[in-house]
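**Student:** Pulled these features from TrEMBL for this protein:
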- 1-24: signal peptide (SIGNAL)
- 413: active site (ACT_SITE)
- 465: active site (ACT_SITE)
- 474: active site (ACT_SITE)
- 512-534: region 'Disordered' (REGION)
- 534-614: domain 'Carbohydrate binding' (DOMAIN)
């Protein structure tokens, strides 16, 4: 860790509706499986019975005890044994975003269950780390004492002090990113574990309010983080980022308005970015808000959202060399930001390019760059080129993913990987002994850190596979997290669905580890403008051409996800340009059809409409649960 650091277009309609086609060359599905496996090697706490990385064992079992709180669990960020909250939260946000966009492809590869388990390992920890609305534990252990030792996590003798933020010692960036992670994860579990999803969203609401009300940088409160994860960008980007994810998770207009009112003053529309990562979130915010704009959700905030959109396009154009200020690349074609763990920026930027390409395709749009308009496919080709470089298509013919291919890093800067497994040799490895016996050992790691994405080559494609070369050989969870989505997309194809329709993450099949029966949710009312008890799923069921115009039939399913009877439902439907069947119109809203007075718990109703453009905007205006 040693670092400071609109629907389917008419022209390609047949292409998009064909069966998914995987890209040739690399085995992206295998790489996806390995990438997810890496997270099991980073687990802290009591390992589950279905743990697949068998050379690891339980660790950090007293975390939080001295502070009177249970902080057992979570992830070690990289090659050390510290639990840093900010990068961990970003990791969970990006894993969740990967599943939200490409969960169908992961399910087709049999990896959705594992990916969701990886998210839940993080969110279970965040629930523990957030014991009160305005208290959040943001670090366990500290880099200084941890880096003095080279020990397996199972042998740790280093200080495990727990550090928190609260109203007197705020951390808007940390609380904001954790709110984003919880909100994004709530979408992931909405279908398979609705009670857990509701719990995550409740924490996200509280954390955002805490972050917004008590402003401050987290590393001014948790000063031990400054040397390792300093918040250089401040907290405005995380507040906007959290608001974007809370809007996506809840449809609560408060958060959409927050993005509209604060976009200019908090930098969302001002910063033209060429990087995206655990510290700087502006490009991610701009990408999400551009999506909302394409979905027709901007409303009165359209002028502001258009400015976010322009900055998102600036970022995308800079990736493919068609901006006024382009991102540097190595001679071999890898984007290069810094010598210290450069790969984190490669995967994060490539993920944004991947999703933005699909957003543009779904909205029949193109990328507008200084050098002219660019087809969405060029962004996806860029992301593919970066992944192919990572997997071995580079001047050194080296795979920078451990365990993929034949030529990959063997001396990874990682304590657990470099020291013999405690299951093989139970003899205690002391603090400094690890450096003498294992760190300096010029041999391959005894434990293969399968799926780990290391820091990668320098600006000239050079790389030294040496354990002490931490700038290049250390992996990190936030290197892998965005990669999951890109690999799922490349391995599974698109499948012909509209990336701008409401998200439905399929239930994992098979379920690897069944969760305990979900408790009945508390009777705390959901905010009036939140649609969390009601889901709306739209899909195009058919299309046809008449007199040169293409018409689409949409089926919309409204489901009562609560444990109560849904009554007095009022839906707002805008951008509808054709006939609708299955609802009764009353004034400016739509309600139950005349033959239906209520919707029991767990039941759904369906209505259909036909028009010749992108799906209409459907949202919940009001309802009663009885």
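Using the three backbone atoms N, Cα and C, a Cβ is placed for every residue, glycine included.
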**Student:** Check the domain 'Carbohydrate binding' (534-614) for me and report the mean pLDDT.
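**Tutor:** Here the mean pLDDT over the domain 'Carbohydrate binding' (534-614) amounts to 85.
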**Student:** I'd like to know which of these active-site residues, 465, 474, is least surrounded, judged by other CB atoms within 10 A.
**Tutor:** 465
**Student:** CB neighbours of residue 413 (active site) within 10 A?
**Tutor:** 26
**Student:** Looking only at the domain 'Carbohydrate binding' (534-614), how are its residues distributed among DSSP helix, strand and coil?
**Tutor:** 0 helix, 52 strand, 29 coil
**Student:** Cα distance, residue 413 (active site) to residue 474 (active site), nearest Å?
**Tutor:** 5
